Amino acid sequence: MRQRAERGRRPARRQSGHKRESIPRQAQLFDVITLGNGGDGLARPVVPSEDNTDPVFIPFTAPGDRVLARQTGRDRAVPEQIIVSAPERIDPVCALFGRCGGCALQHLPTAWSLEWKTTLLQTGFRKAGVSDLPDIHQIQSQPGSRRRADLALRRLPGAITIGLHQRGGDPVDLTGCHLLHSTLISLLPPLRDLLLKTDLLKREGDLLINLLDSGPDLLLSTDTAPTTSDRSCLAAFATQYAIPRIAWRRAGTLDDPEILTQIAPARIHFGDAEIEPPPGAFLQASQDGEAAIQAAVIAALPHIPGRKARVIELYAGCGTLTFPLADHVHVEAFEGHPAAVRALQQASSGRRIDVSLRDLNRQPVESRDLASALAVILDPPRSGAGLQMTQILDGKPDVLIYVSCNPKVLFRDTAALLAKGYRLDSVTLVDQFLWSAEIETVCRFSRSRGR
Ligand SMILES: C[S@@+](CC[C@H](N)C(=O)[O-])C[C@H]1O[C@@H](n2cnc3c(N)ncnc32)[C@H](O)[C@@H]1O
């Protein structure tokens, strides 16, 4: 999950260069002082010694906890026992919490983590140089609303695991989940049976499920090509469980997926537009999160002087923002994924939308084009907008509406925008990654001409 109910963290490589002998072997007592940006408690040893003076990160702990933990690295420890509980600590709702790699914060109330994320944003923006920080508008998704999951698959003797990698370890079978939409959870037991009786999965693979308006859309990545018999099994499965489309590609590749079975159109709606997204397409994590982002983007549009007003939308995907924007302005949308562009183009006809396939890292939209737009909207991948941001900073469009899933990159870009005379007008925190440390925001930056 962008915790993405995604496959959890893969085992971290052991860092070289740290002296193993400096890590105490025995469990020690630590006091948790605060949460680090990744959601792990940052703790100091109760009794500092020569061996353990530095703070360490301890997962699943909360500020105020006193915890017995065993150090596993220079700055990492695993909790063994909570000795004194933080006042805010609650019982996690999920029996898999702490093992499954999906959630980091179920031991704290969701209202608490929303405030924690808000404080992280306030601190980050202030450090970036924002002096007149606007109030942060908060929206939080509900449990059970996650509609997109990227899950690891593993064949074991006589069983199939479908789940998220535990930290630094194997996938944990998702026997239940309070995050994912119930439709997705209910598919997992029959999917295990299906994978057990077909030859598709020898060892490992993954499963990306998007819950579309027309039903669950499955993209299987496995290590064995489907046989004729596998294809019939999948077709029968799709019919039995009302799955419009099942696609496949070889695990570990980014090959175009092959559609193995399609019993109905795979459809999603953005505004009044109906889109057929490609298998595995990027979607916002939850429907309420998507609606909140769309509303925040539309609210951030400048006053529109006429129907000819034109905005530039960068990293448009399949059109989550494009179609709602086109109800108000003419949209020039740019996206780098060919299949997403095809879906966007197909649904755009007759609307005020121009779509271009463009790798914005290699060929960014140029500063002079950006400068003349009423506003520029950007929703880059986690790694940020790279060269495209350089063109934005040169072009200095009057209004920039920035959707971000990576606060670190957002704060860096904020500092650069402030240096170009922008001010931060509004911030919406869309907490669609419930129980994780992930933060999604919509920010409006503006700049008066001549500044
Ligand atoms: C966070 S998603 C946002 C998509 C869309 N705005 C939405 O809300 O559904 C980022 C998008 O950037 C696209 N992308 C990633 N790298 C790109 C690049 N170098 N050039 C153009 N698009 C890129 C991805 O394909 C993806 O659709």
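Using N, Cα and C of the backbone, Cβ positions are placed for all residues, glycine too.
Same-site candidate for S-adenosyl-L-methionine binding, as annotated by TrEMBL with GLN284, TYR315, GLU335, chosen from ASP255, ASP256, ASP369, ASP379: ASP379. Sequence-distant contacts (6 or more apart, same chain, Cβ under 8 Å) of GLN284 (S-adenosyl-L-methionine binding site) comprise ARG148, GLU290, ILE293, THR320, GLN432. When each of the binding-site residues GLU335, ASP379 is scored by how many other Cβ atoms sit within 10 Å of its Cβ, ASP379 comes out lowest. The Cβ centroid of GLN284, TYR315, GLU335, ASP379 marks the S-adenosyl-L-methionine site; residues of that chain outside this set whose Cβ lies within 8 Å of it are PHE282, ALA316, GLY317, THR320, LEU321, PRO380, VAL403, given in sequence order. Listed in sequence order, the residues of the same chain lying 6 or more apart from TYR315 (S-adenosyl-L-methionine binding site) and placing their CB within less than 8 Å of its CB are PHE334, GLU335, GLY336, LEU360, LEU378, ASP379, PRO380, PRO381, ALA385. The local packing around CYS405 (active site), expressed as other Cβ atoms within 10 Å of its Cβ over all shown chains, amounts to 21. DSSP gives TYR315 (S-adenosyl-L-methionine binding site) a coil state; it is part of no helix or strand.
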